[in-house]
Amino acid sequence: MAIISSKKQPPEPNGEPKQRRESAKAPSTENILKPEAAIDEQEQQEEGIRPHRFADYIGQKDLKDVLDIAIKAAKSRGEVLDHLLLYGPPGLGKTTMAMILASEMGVNYKITSAPALERPRDIVGLLVNMKPGDILFVDEIHRLSRMTEEILYPAMEDYRLDITIGKGSSARIRSLPLSKFTLVGATTRVGALTSPLRDRFGLIQKLRFYEVDELTQIVLRTAQLLKTPVTQDGATEIARRSRGTPRIANRLLKRVRDYAEVKVSGVINESIASEALQLFQVDPCGLDWTDRQMLSVIIEQFNGGPVGLETMAAATGEDTQTIEEVYEPYLMQIGYLTRTHRGRMATKAAYKHLGFTPPNEQLSLL
């Protein structure tokens, strides 16, 4: 069963919107759900950690500048925000950015994912319930079905819904006006979107990996919200092992917090953070056991590559999509993996990190 996540933002006494989570009330949307949007204790805690304003959002300065201009321009003209496509690796803050947009615009938002929109009536139920200016966030938008995409075309471009009534020669199309809304799509595979859908987004922006100093600020902020004592060097140690990703940084902080509470009952410093992350098999470069296994397979079984994606998936036991979207981006970012038309190859840096001798240096030893 799936539930759409819906947010209303009634004004506070100071005039600023306040965020609050509710289930969608319309019967037509109750079965449209994003699996990750199920409301539980863990998500409520994560909701408290999320920033709700640009001022609280750390990193992604270029993206924030672009969106800040778009928001101010839309407000000055009394228009809705243009449709926005956000792309980049998972965990960089695409969903959070959609929530911030709603907060900055003073409107409500709804969250769903493309796999949940299986039938045309699913997206229809969402669209007809949108209020003027509302934001509809669709995660994994590259996975929309063809029929759902075709319904979105006139909805995005002309704010109308074209419904076919009847069948065969007696069929006719009826157009229903929709409230002007903003569609925010998120994807890890922007190239998988069809051109007609991609071209209907007025703004297309990429989220980049975070720098260590940005992640350090995020860890310190999260620790303060969780009432977890952590030193600057302890936060930095967690940050540099977080793969440039805030979601991972917050997750590692919680694991280190558990370790500190059980083992030392004290403040998280660099030494404690290092001990805890070593226990969880996260090395100083942020590689976990699976990352190291993938690189080891390429080096030991395939002499450093090139290795095809399907072959690597079979050798490691991971599915191809997980390899492409979760592991490869960071390994390529830090220079441990390269992709060629023939397949994946481990770099000299990967050899040295895992304690292997690079092939050219092996020849020099003969």
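Keep in mind that glycine also has a Cβ here, set from the backbone N, Cα and C atoms.
Here's what Swiss-Prot has on this protein:
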BINDING   Ile49, Arg50, Gly91, Lys94, Thr95, Thr96, Glu157, Asp158, Tyr159, Arg200, Tyr210, Arg247  ATP binding site
BINDING   Thr95  Mg(2+) binding site
BINDING   Arg339, Arg344  DNA binding site
COMPBIAS  15-24  compositional bias 'Basic and acidic residues'
REGION    1-50  region 'Disordered'
REGION    13-210  region 'Large ATPase domain (RuvB-L)'
REGION    211-281  region 'Small ATPAse domain (RuvB-S)'
REGION    284-366  region 'Head domain (RuvB-H)'
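Geometry remark: Arg344 (DNA binding site) versus Thr95 (ATP binding site), CA distance 30 Å. Annotation: Tyr210 carries the greatest number of neighbouring Cβ atoms among the binding-site residues Tyr159, Tyr210 [cut-off 10 Å, Cβ to Cβ]. Rounded to a whole number, the C-alpha distance linking Thr95 (ATP binding site) with Arg339 (DNA binding site) is 29 angstrom. Annotation for Glu157 (ATP binding site): spatial neighbours Arg200, criterion Cβ-Cβ under 8 Å with sequence separation of six or more. The two recorded residues, Tyr210 (ATP binding site) and Arg339 (DNA binding site), have Cα atoms 22 Å apart. Comparing Cα positions, Arg339 (DNA binding site) lies closest to Gly91 out of the binding-site residues Ile49, Gly91, Tyr159.
All protein chains shown were included, and the count of other CB atoms within 10 Å of the CB of Thr95 (ATP binding site) stands at 21.
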